[in-house]
Amino acid sequence: MSLELVVAAVMFTGVLAYAVLGGADFGSGFFDLTAGGDREGAALRTRIDHSIGPVWEANHVWLIFVLVTWWSAFPRAFAAAMDTLILPLLLALLGIVLRGSAFAFRKYAATLGQARFFGVVFAGSSLVTPFFLGATAGAIASGRVPLDGRDGVWSSWLTPTSVIGGLVAVGTCIFLAGCFLVADARRGGEDELAETLRRRTLVVGLVTGLVVFAGLLPLRADAPTLWDGLTGRALPLVLVAFVAGLATLGLLLVRRYALARLTAVVAVASVVSGWGVGQLPWLLVDEVTVADAAGATATLQGLLVAFGLAAVLVLPPLVYLLRLTQTEQWSRPSH
Amino acid sequence: MEPVLTTLAPFLTTLAADVAEPAGLLPARQQMALSLGWHIVLACFGVALPTIIAVVHWRGAFRGDQGALLLAKRWGKVSAVLFAIGAVSGTVLGFEMGLLWPGLMGTFGDVVGLAFAFEGLSFFVEAIFLGMYLYAWGRMDPRHQFWMLVPMAVSGISGTFFILSVNAWMNAPVGFDIVDGEVVNIDPWAVFTNDQVWMQFLHMWLAAFMVAGFAVAAVYAAGMLKGRRDRHHRLGFMVPFAFATVAALMQPFVGHLLGLRVAETQPAKLAAFELALETESPSPLRLGGIVVDGEVVGSIDIPVLGSVIARNSFTEPVQGLDTIPVEDQPPVNVVHLAFQTMIGIGSLFVLVVLAYWGARWRGRDLLENRWFLRAVVACAPLSVVALQAGWIATEVGRQPWVVYGVMRTNEAAGDNPGLWWLLGATTVVYTGLTIGAVLVLRSMARRWRDGEEDLPSPYGPEPGDAEVEPAGTGAAR
């Protein structure tokens, strides 16, 4: 594999990590929003706070990782995407800002009224953000980001592919969050809550599956290059996504939550990698390939050093943190 | 900060009047001033608070001082809020680098990218250990928990270094050649060893401890002014004040060394700092004053001192602005006033901390003195003003260059007039965030004063109602 392809692969690993780990955080917003009134929703909202509180900031850094790698390794393509996709990116950014701050504010809000307000902002922006990030991906994947000159500030992303991308992102986030929360609730001994979440996650899973697979059809006309990739090179991943998605629903039905969490991650990771593999070798589809977009070789090599350091310095504590949150002790509520 | 921006605007518009100016330039500048100016305050807490908390946590965990441990827990909760909005406003800057300055990132992204990557690494480490530290209360031995603060403090240092290396690179660009308009021979590692990086890093690192130290100390000074004179308040004051003291005393030396470099590397910036319109040898130190129609008005001139401070010499002059082509001159008034604001406040800090430790050495406790406590309370907002003034001085002083001597700021900006909308929206959002943060931090302080240690679950039912703790169901396991 060439140097630039290795860097692109690591960058895409960041996209995957963000989609899975950050996605589960974002999806919690849906359950928070639909938890019900103050009293009946309290248990679920407390559960969500416990589940994502320790990790959301770390999970958020994957996005920064992807941005930084993108502008260092492929600077011109980065500038082009930022220029054309300014609107969906800004709307996603607005969601990110409101979500992170409202989540922190709600935890220490002065009154129930304030907590309710911050809660709605948190939950609402948790749904807005993945939609616009998905729409951004859709614009790139359907070849609507020119390398030179800003074009189609609206038309580049108000397209079938972008809307499907947005819906797929929102759906997969909610599905993941549901699977994680069910398992957390069970481990925390909240069996009644787990039952509620299980039912909702099953519905979400069915709807998301429909969106993902029905959403493939319009791509044929709207994003032919991506369609060719998805039905060719990336077909195995599409099939894995299908099987893992079905398996997750089955495992939820029989209440095997720990395993369902794993298959849900596989399903979502395959959907996202299907997109990545499907659009290869393009970085910006039909505009510039990964190889042609690459910046200075010395920088790509430097990034490899940074990735190596990350593997040594970041991954072990991250795994430790994620493991801590999955222990019995960290699952029980505190103050 | 808003008033600063509005006063800045007319100066900035006149800046590149005779050069073709892209529509995105002015809004991009204002946007950057707003979002960076807002983020940098939070960044100070992100950099300095882990170290300050570590001191009280260590006392609590290893010396059995329960009061100190309580402070650590409370400061940890405060930092959770500040870090959260610091993280999101930092992300905003990540996006803005590309959205506002496509010319800069498209051309030099792969030169400075590595520095950003390492800064991202530092932030990653800090975010991970922050999650562990905050949620470890009651779940981890405090002595074990202490070690979570160490990587946070270290990554605060490394993060400051890496992000400052990018700014230092903009002042003294290295690591590339330009051949026929193309950026070639890129060495991304050179960014870490440019001429300015160590001094700029030290300057900012100390500033972070001044802001965080004075801010926390001011909270407890205000409490003492209201008659709350227990050990809790004394300890809560002393630890951050000690950090602020060291930083305030070291800062003038670091600033001086940094200033000496400016004479060689960016003479136009130094001339604006010192309000030197013409080269005079030796140069005077000008206190106050502005330039009106090419003349300095209203300044107090102290002979020779300008040369001593800026050049470490009794004879060497400060090179005047008249030696710089007009199109390469920064807006002199903004730079001069911002620079002197920073120095003035910094000198005041030296007096405040020397007064306290001097009195203490002679057996007097200034914490009994209401005027001293008031002065410390005033130091908190003043430290933020000094921080902003310092950044305005160095950033506006570098104009019209974004990358000194290589790329002008108007070449870095995009041609997007829609950015004005973005600026308006950002102002609204950041105002909202500021209000939210103040509300929440005040509510935390009030609850703690009322003796509520474990804040009630904010998700309802109303505090006071018989609460059905989810833990109750856990017993059925």
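Cβ from N, Cα, C; glycine included.
Per TrEMBL, transmembrane segment is recorded for A:6-31 (among others).
What TrEMBL lists as transmembrane segment is A:85-105 (among others).
The transmembrane segment annotation in TrEMBL covers A:117-141 (among others). Here the transmembrane segment (A:117-141) has Cβ contacts under 8 Å with residues 23, 25-30, 32-33, 45, 81, 84-85, 88-89, 91-92, 94-96, 98-99, 102-103, 105-106, 109, 156-157, 159, 161-170, 173, 223, 226, 275, 278-279, 284-285 of the same chain, all six or more residues outside its ends.
If you look up TrEMBL, you'll see A:161-182 (among others) marked as transmembrane segment. Remote same-chain partners of the transmembrane segment (A:161-182), defined as residues 6 or more beyond its termini with a Cβ less than 8 Å from a stretch Cβ, comprise 19-20, 23-31, 44, 47-48, 51, 88, 126-127, 130-139, 141-142, 194, 197-198, 200-201, 204-205, 207-208, 211-212, 215, 218-219, 222-223, 226, 248, 252, 257, 260-261, 264-265, 267-268, 271-272.
As annotated by TrEMBL, transmembrane segment applies to A:202-221 (among others).
Residues 175, 179, 182, 198, 201-202, 205-206, 208-209, 212-213, 216, 260, 263-264, 266-268, 270-271, 273-275, 277-278, 280 of the same chain, all 6+ positions outside the transmembrane segment (A:233-254), place their C-beta atoms under 8 angstroms from a C-beta of that stretch. Residues or ranges marked as transmembrane segment by TrEMBL: A:233-254 (among others).
For A:259-278 (among others), the entry in TrEMBL reads transmembrane segment. Beyond the ends of the transmembrane segment (A:259-278), by six or more residues, the same chain brings 12, 15-16, 19-20, 23, 137, 141, 168, 172, 175-176, 179-180, 182-183, 212, 226, 229-230, 233-234, 237-238, 240-241, 244-245, 247-248, 251-252 to within a C-beta distance below 8 angstroms of the stretch.
Per TrEMBL, transmembrane segment is recorded for A:298-322 (among others).
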